[in-house]
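Taken from Swiss-Prot as is:
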COMPBIAS  1-17  compositional bias 'Polar residues'
COMPBIAS  56-65  compositional bias 'Basic and acidic residues'
COMPBIAS  343-358  compositional bias 'Acidic residues'
COMPBIAS  396-410  compositional bias 'Acidic residues'
COMPBIAS  411-444  compositional bias 'Basic and acidic residues'
CROSSLNK  Lys449  SUMO2 cross-link
CROSSLNK  Lys732  SUMO2 cross-link
MOD_RES   Thr206  phosphothreonine
MOD_RES   Arg588  citrulline
REGION    1-65  region 'Disordered'
REGION    334-361  region 'Disordered'
REGION    392-455  region 'Disordered'
REGION    467-505  region 'Disordered'
Amino acid sequence: MNANQAAESNLLASNQQKELEDLPKDYPLSTSEDEGDKDEERKHQKLLESISSLNGKDRQKLADRSEASLKVSEFSVSSEGSGEKLVLSDLLEPVKTSSSLAAVKKQLNRVKSKKTVELPLHREEIERIHREVAFNKSSQILSKWDPVVLKNRQAEQLVFPLSKPQSAFAPIEHVVNGWKAGTPLEQEIFNLLHKNKQPVTDPLLTPVEKASLKAMSLEEVKMRRAELQRARALQSYYEARARREKRIKSKKYHRILKKGKAKQALKDFEKLQKVNPAAALEELEKLDKARMMERMSLKHQNSGKWAKSKAIMAKYDLEARQAMQEQLARNKELTQKVRAASESEEEGEGQEEEEEPLVPDLVNEVQIKANGLNPWMFRNHFIDAKEAEVQKDLEDPAEPEAQETSESEEEKAVVEEETLLKEFEERRSLRQKSELNHMAEPVHRRVTKDPSSQEVLSDLRALCQKLRTENHQSGKQELSSARTAQREEPAREEEEPMLLQRPERARTLDELEELGREGCVENEELPRTAVEGLQLEKNLSNHIGAPKEKKRKEQMIDLQNLLTTKSPSVKSLAVPTTVQELEDEEERDQRQIIKEAFAGDDVIRDFLKEKREAVEASKPKDLDLTLPGWGEWGGIGLKPSAKKRRRFLIKAPEGPPRKDKNLPNVIINEKRNTHAAAHQVQVLPHPFTHHQQFERTIQTPVGSTWNTQRAFQKLTMPKVVTKPGHIIKPIKAEDVGYRSSSRSDLSVVQRNPKRLSIRHKKHLENNCVD
């Protein structure tokens, strides 16, 4: 309709235009007519505008006229008035009744049942579907390995290859069944074993025992089983007891156990000696021979390959350390001299082990000389060797001196002297053991050689005897006799070295008080003779005026005073003081030792110089803009004037105060180290949840200096360990308990990826959604 209206309007406009063009040709125009023409044009223009503004709906509809015709065309069919479309079934209505068109009907029904074929998907869409399906399927397959990957990531250490081949051990019966005797000796042994029915393996019961059990009655079998159970229980009890005893680390327990075993062996030997003297003599010869062989073989001297290897591993292995300790104990046992110990000595040793000292060991230490030599530069092993020689000499049995007279008093004095000497030797050995742990010893102590120590001991006994005989005389006579006895030996004392002077160990509070009363410190500035005379007078006056409370203690004090030979370089015994004074003295000695050790190093001056340089380097520098030759002469040897320098000098502002400004003993470097920035952590690492955890881990020391060997190995063990020569294969599904499927949903895509039907696409999409 709109098209018809537009055509009509165009036709009308063209007709009017033609009429206007033809007007001037028919009629000539005048001036008045020109004015009229203008008015007409104006009116015509308005007419055109009004025509163009008209709506097509308001126009009248032209009527169509149809005429009958003899020739009917297919285009003349009109469906006007019906309101329905023409359907193929309407045309086939008259055909339904005819039976000749049955085949056409079937074909028509088949065509009706078929649906329209969808267009094939585009290549990009097919590839996108392939990618989505492959991603979903591969992520589903890989998600099965998440627990395995997480376990490997959380493991402290991974040792590759992960699958360790299990070594197959063939049973002994399989080995024996295929074995044949090759030599006559093997054949003879094999025949004996099979003849007596001895088990080749290690069964619970032998064939003989099985046969005997079959022959037993029920009661005998029960009794036999009860005996076996009791034997097993006893065996397990003794094994547990042996394990408990082996874990005991008490030295006192092992010492008592060792003494008990030695006493039991001695009792068994005495019993054997009474029953069978010949066997006892043979046993004694065996022991002596074994001791001689041990001493000759030197296997106990820590010089063999085994000892050296154990010494290296003793730091890490407890068993190696125990083996080294046993060897050292064996060495000490073999190298010491054989001396029969009396019962009284054994009882005394037992009492000394059981008793605990009431006075601490710090009270008995001798104060070290403040201005002495540096003990770090002194060789202690030389002194230890000399002390060992003196100890061996002192352990030799003393010669009896009581044979000269037959009086009872002299015999008692000799017995007391012998007991005092033995006690002195025992205390001396104890002091030597305790002083092995000291870091330094005074340099001015020296040890006598063998002949000199014997002579001093003989002089000691003579002087003790003189003192006992002259106790009833007057003090003046005792003083004169002691002075004469002292003057007789000056040359010998100057030529020979002195005995090692050691303080007496006070074990009770009474002994501590007595030592406090009797001990005194000698003035070193006095001459030798004056000091000796004063000391002798004081000792003799103490002996005369002191009450006789305990004779044994008095004799021991006399022995100690007489044994102490004075010299300007040797200090006397120090009076026991409190623990605080000893600590102060140790601090002073330590300061003196450090001062002597670092005598050539002026550490404080170097430190102050280094700090001064660091402070100067950290200060902001002034900017000098002076240029030579500007405003004045310049050249070699000419410097800018001070006025010009002050004019062009830009002073730098003062920087912030240093952190170590009020810390004289510290240098704090405030510069940013660019090399350290690469090792700084910007983000918190994965396993940690808080920065304090990470800082605590970083601050924990890792080195072997601050940790035990086991902890150091655990902290520094590598994350991954690979064995050389082994092939590392990838993990298989069978290794972790999964079954590998031979067919998957991706098989269709992998087989023909470019031909993906709609059915397969829907199936794959449903699987992806699931």
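Note: Cβ is positioned from N, Cα and C throughout, glycine not excepted.
Keep in mind that what you see is a predicted model, and the values were worked out from it rather than measured.
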Here the 10 Å Cβ neighbour count for Lys732 (SUMO2 cross-link) comes out at 10
Cα-Cα distance linking the residue listed as 'citrulline' and Thr206 (phosphothreonine), given in Å to the nearest integer: 79
Quick note, the residue listed as 'citrulline' and Lys732 (SUMO2 cross-link): C-alpha atoms separated, nearest Å, by 72
